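Colleague: For reference, the structure I am asking about is given below.
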């Protein structure tokens, strides 16, 4: 229990004790003893002349019998009581109520209101001076990081080497400022970490705290603003006063966009409290008073909404981008998290990194944890590559729906659909290496073919885009070849959407259409409120764009059809294997098409290593294929 809880409990116990004490004395004063009789018995004794004397105090009557015994009774409103007593020769003594009251009780009653007010005043004064902070709204909520517990250092941070290098310089400055001051350098006043969620901004701040060996205060941007006017500005002042008293030190503000948004844009219902808080922060960071030795590090994933005055040099001298890691960064991050679990030699961080493009550090940590949970649920002693693959598919596509009731007809159709994707991907030029194919339903998909690029692709050429379109259309083509045009299903809707997006990007953004040319078509400005941008393309040009998109998709469709028609036997073999095994790795598919057995010992041990064993001759691109077909027709 904290100090505030103990203080409230003490005051409550004292109040209850006083009330009980008051009741005890009041009861004792009213009854005066335990020999009580009813008023009817008292009147009977008076009429029988057995009562010698009575002492009346208010409505309480204390009587003495002729034999010397005493008794007590309580009298109602009885006007003839005195006449009845005198007529029966009873001696009467009337005592005022005040003379019988206990001295301590009288003192307590007279002084209790004053004592209560004094006690309440003392209680709140103690709280305002830091006892429980009942009224300390203006106190900063910045928490000083404790030295107890395991420290996080830069060794625990991987995949963001550039950001680590920038922040290491700040840590070195705090440790030995003379090294930089000899050359006239000044300590940076602020550093802003910018990046999407989960990339490690807060982890970097914790690593700085573990490396710097200086006081480290942490606070959230939402901790400044409350319902009371002026509280936010007061907390900012108190936070910087704490920093000055502990300089050199670091103050970390997480999610600074909660308090640092643009001023005067009319958002937030016209609340000026947040703007007052921001103004005070601007003054404290770079005003008339210097804050030597106090370094502000802030983190946000919304730099576009921050006020410009907050971003200028002198306040945040450095803006460090913490982006999602590339393939090498993902591999390093996976190795850091794999150290925390038990795994065997089949787990290859590089393969996992290739299959998780765009993953943040937090998502990779979650993937490793999911793999450990899956292995534990299956009763394994170590995590293997199968568990990592299952965890990756679960994160990307959802939980496997093995309980779904698929008919043999649907299962066969799905096998040919996914087999078409896989086969065209093997023969298509510039297509990424095939990783695996499965017909196990996950999420909204009945199956999946996964291709993993060797490295992260930041741009694509025409050949790569055309290959991707052909692979997208291959599932629909396989359904049409095997089951006929009238039996084609809606399962290829997402494939058609993906192919259309690539084709439209080729025409309107990449300038890869000879008819349209290298001209950008689309909105040249982004709307911060999420509204649909206006169309800047004429109707005539839009018709040409649609025609070009259709032409590119048709070429990819025909190219995929040529491959599947030419290798129809391999399509049947692959589809039958998928029906039997449900999931095949890229290596297993290559072994199958080359006539090798699927259940070799090496393949079962390392099913997802992607080691090439056979060479697949790539077909010509759609443009070259169309040209060759035209020449053969002319001949």
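Yeah, the Cβs are placed from backbone N, Cα and C, and that goes for glycine too.
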Colleague: May I ask you to find which of 326, 495, 514 Swiss-Prot records for the Zn(2+) site already listed with 417, 421?
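Modeller: Site partner of 417, 421 for Zn(2+), according to Swiss-Prot: 495.
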Colleague: Of the ranges 41-61, 62-82, 83-103, 104-124, which one does Swiss-Prot flag as transmembrane segment?
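Modeller: Result: 104-124 is the stretch Swiss-Prot calls transmembrane segment.
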Colleague: Ranges 564-599, 600-635: which does Swiss-Prot label region 'Disordered'?
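Modeller: Within the set 564-599, 600-635, Swiss-Prot attaches region 'Disordered' to 600-635.
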Colleague: Pick from 7-27, 133-153: which stretch is listed in Swiss-Prot under transmembrane segment?
Modeller: 7-27
Colleague: Here are some binding-site residues: 199, 202. Which one has the most Cβ atoms within 10 Å of its Cβ?
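Modeller: Within the set of binding-site residues, the most crowded position is 199.
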Colleague: What counts of helix, strand and coil residues does DSSP assign across the topological domain 'Periplasmic' (28-103)?
Modeller: 25 helix, 23 strand, 28 coil
Colleague: Other than 195, 196, 197, 198, 199, 200, 201, 202, which residues of the chain come within 8 Å of the ATP site, judged by Cβ distance to the Cβ centroid of those residues?
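Modeller: Apart from 195, 196, 197, 198, 199, 200, 201, 202, the close residues are 299, 301, 322, 360, 361, 362.
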Colleague: How far is it from residue 201 (ATP binding site) to residue 418 (active site), counting Cα to Cα, in Å?
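Modeller: Computed Cα spacing between residue 201 (ATP binding site) and residue 418 (active site) is 40 Å.
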Colleague: Output the one of 195, 196, 197, 198, 200 that, of all these binding-site residues, has the highest number of other Cβ atoms within 10 Å of its Cβ.
Modeller: 200
Colleague: Roughly how many Å separate the Cα of residue 197 (ATP binding site) from that of residue 418 (active site), to the nearest whole number?
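Modeller: Cα to Cα, residue 197 (ATP binding site) and residue 418 (active site) are separated by 34 Å.
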